[in-house]
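In what follows, a single structure is set out as structure tokens and then discussed.
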Amino acid sequence: MSHNQQLQKIMAYNLLKGKKGIIFGALDANSIAWKTAERVHEEGGTFVLTNAPIAMRMGQINELAGKTISEIIPADATNEEDLKNLVEKSMEILGGKLDFVLHSIGMSVNVRKGRHYTDENYSFTEKGWDVSALSFHKVMQSLYKAEAMNQWGSIVALTYMAAQRTFPDYNDMADNKAYLESVARSFGYFFGKEHKVRVNTISQSPTPTTAGQGVKGFDGFINYAEKMSPLGNATADDCANYTVSLFSDLTKKVTMQNLFHDGGFSNTGVSQEVIDEFSE
Ligand code: NAI
């Protein structure tokens, strides 16, 4: 056993023992959802993995399913029928209602096709919004209508600080993230009142994944964020750990929050390293 594996072993606390859930968005080993699935498994949680049918053909999700002893149900997160089927089948497979759901989904067609923010193609904009933002509402509405969540369950989606502050190359994803964060608050109210379920978004550091690297100038940007963050950028593994804490019973009263998980970036005006870059 390597040193890292030993550390990981020591770091398993059984925080999610007996808990069941659904994890959206594991495309490959870099995906935040992939790392989260591995950590949830280590903490004793069981889950169904899901992704868009097309992503599965490209992705390596079978490998993850094998490792974490989980089943895969394809679902396009913009398709209500797919989501209904996913929620029903997941409860059958897992043998009961769910305790946690991770929404780790994002895609901008304008970004992909190189359309500038001042030159959006609005059918691209609508598609990207549906996939990246409205899908979170669709996922929660499907869970809500099926009464699929156990009391004190936890729903998490991933977001980025471009929802609050402008990052020119983040394009229409900034607007999608603002919408996503709003949906977390709005649905969080009803899920809390009716089912004692919490809903939060994690605002994560730039992370080298397929979605992350799609953003123009990502390399410069991730280095800048690293230099600006007193603790350095949060990695995908760090994000997985944070999500485990939000799925656990240790955060029962945290809801309707946008939680910055960024090594301190969001509250740093400037760092010494960045000043040094500009000093002669
Ligand atoms: P990723 O590319 O590994 O994951 C994105 C996932 O969205 C993929 O698995 C993809 O198949 C899935 N997806 C796309 N369309 C879908 C659809 N119609 N139905 C179901 N799934 C669909 O990249 P990453 O970075 O792990 O992204 C996960 C989340 O983290 C996204 O919400 C992203 O915006 C967010 N995030 C990422 C950051 C980064 O720098 N990588 C920073 C902050 C937030």
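Including glycine, each Cβ sits where the backbone N, Cα and C put it.
TrEMBL lists GLY25, SER31, ILE32, LYS177 as NAD(+)-binding residues, and of the candidates ILE93, ILE105 the one it assigns to that same site is ILE105. For ligand 1, the neighbouring recorded positions among TYR160, TYR170, LYS177 are TYR160, by Cβ distance under 6 Å. Put simply, LYS177 is the one of the recorded positions ILE32, ILE105, TYR170, LYS177 whose Cα lies nearest to the Cα of TYR160 (active site, proton acceptor). In sequence order, SER132, ALA133, THR159, TYR160, ALA162, ALA163 are the residues of the chain that are 6 or more apart from LYS177 (NAD(+) binding site) and have a CB within less than 8 Å of its CB. Between the C-alpha atoms of GLY25 (NAD(+) binding site) and TYR170 (active site, proton acceptor), the distance comes to 20 Å.
Overall, the recorded NAD(+)-binding residues GLY25, SER31, ILE32, ILE105, LYS177 cover a maximum inter-Cα distance of 18 Å.
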